[in-house]
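Chemist: Relevant sequence annotations retrieved from TrEMBL are reproduced here:
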ACT_SITE  LYS14  active site
DOMAIN    70-147  domain 'GHMP kinase N-terminal'
BINDING   PRO98, MET99, GLY100, GLY101, GLY102, LEU103, GLY104, GLY105, GLY106, SER107, SER108  ATP binding site
ACT_SITE  ASP140  active site
DOMAIN    198-262  domain 'GHMP kinase C-terminal'
Amino acid sequence: MTAPISKGWPAPAKLNLFLHITGQRADGYHDLQTLFQFVDHCDVLDFRVTEQSEITLHSSMSQFVADSDNLILKAAKSLQQTTNYVGGAEIWIDKLLPMGGGLGGGSSNAATTLVALNALWNTQLSNEKLAEIGLTLGADVPVFINGYAAFAEGVGEKLHNVNPHEFYYLVVVPPVHVSTQAVFQEPELPRQTPKLDLQSLMQQPWSNDCQSLVVNRYPQVANALDWLVEYAPSQMTGTGACVFGKFEQSQPAFDALAKLPDSMQGFVAKGLNRSPLLERLSQL
Ligand SMILES: C[C@](O)(CO)[C@H](O)COP(=O)(O)OP(=O)(O)OC[C@H]1O[C@@H](n2ccc(N)nc2=O)[C@H](O)[C@@H]1O
Ligand SMILES: Nc1ncnc2c1ncn2[C@@H]1O[C@H](COP(=O)(O)OP(=O)(O)OP(=O)(O)O)[C@@H](O)[C@H]1O
């Protein structure tokens, strides 16, 4: 008998409300101090458990990302291997989040896959173990598994839950792809921002150490920020390309979105300190 499809597993985007690079490790990865918050703008995944061990992905993404590189399939296979689970899964994704935009879509997809299949396969790994598997797939996966807005250190895996104000954000998606790896390889990237304690970081103005470099290299990101700062305090998320402006109310954000030039895309979203993934999990 075919199992039913378990529908509506959200994979939200994240914003880095600030991002400091405090050093570089021997393996080349950078030590960060960053503040993650989720937003209510999500990819949505559906899963069907199968008796056969194959894991298949149905998506329009295959034209951009080979299945062998897709973090959804990598996450499912890692969980299957770690737990020696004998069955498999069919997975569908409705991909809404722009790829390579600094919104963490790939990492979020991987986290949702790990959390959903761990529940549907009843493999019973702890969140700590899922985060450990997740970290091998991407530096941002643990925060999506943890499911709470967090101050992160290390490469993003040492998490301390926090409760920043849940603003509305107008997120602008410039028409350019910025490679995370390329940004971190730039000799001119600032890498020595002093480490501060959480209380000091929360009180000082928030900024992103990658922003100046990316704005200088990518005129499309500079244009998006120049446009957005006319409406709200704005900055870049992650290594770009997306930028976000923060608003107390949703209406001014939608009013600004209505004036967005045709050359850029954007959306309004609300900051969330609790991931909708946790809500979905609790409905099982
Ligand atoms: C910058 C952030 O967006 C902040 O949220 C993330 O830390 C990036 O996370 P991500 O996209 O999951 O990145 P990964 O796939 O783990 O790494 C991509 C590449 O970026 C570089 N990288 C990434 C994260 C980090 N802390 N230091 C790095 O130097 C590494 O060269 C790595 O090969
Ligand atoms: N399921 C997936 N969704 C999106 N990208 C994926 C996926 N699987 C693999 N990738 C690859 O990962 C790259 C980065 O994707 P992602 O959307 O996570 O970037 P990002 O938003 O810049 O993330 P970050 O803020 O973590 O740097 C893509 O360009 C793509 O090649």
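Counting starts with 1 at the first residue shown.
Backbone N, Cα and C define each Cβ position, glycine as well.
Automatic prediction, not curation, is the source of TrEMBL annotations.
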Chemist: Quick one: which of the recorded positions (GLY102, SER108, ASP140) have their CB closer than 6 Å to ligand 2?
Modeler: GLY102, ASP140
Chemist: Cα of LYS14 (active site) to Cα of GLY100 (ATP binding site): how many Å, rounded?
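Modeler: Rounded to the nearest whole number, the Cα-Cα distance is 12 Å.
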Chemist: Sequence gap of 6 or more, Cβ distance under 8 Å: name the residues on the same chain that satisfy this around GLY100 (ATP binding site), in order along the sequence.
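Modeler: Non-local contacts for GLY100 (ATP binding site): HIS177, VAL178, SER179, THR180, ALA241.
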Chemist: Please check each of the recorded positions LYS14, GLY100, ASP140 and report the ones with a CB atom less than 6 Å from an atom of ligand 1, ordered along the sequence.
Modeler: ASP140
Chemist: Pull the DSSP breakdown for the domain 'GHMP kinase C-terminal' (198-262) and write it out as helix, strand, coil residue counts.
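Modeler: The composition, in the requested order, is 32 helix, 9 strand, 24 coil.
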Chemist: List, in sequence order, the residues of the same chain other than PRO98, MET99, GLY100, GLY101, GLY102, LEU103, GLY104, GLY105, GLY106, SER107, SER108 whose Cβ lies within 8 Å of the centroid of the Cβ atoms of the recorded ATP site.
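Modeler: My list of surrounding residues reads ALA13, LEU97, GLY238.
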Chemist: Neighbour count, 10 Å Cβ-Cβ cut-off, for LYS14 (active site): what number do you get?
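Modeler: Result for LYS14 (active site): 26 neighbouring Cβ atoms inside 10 Å.
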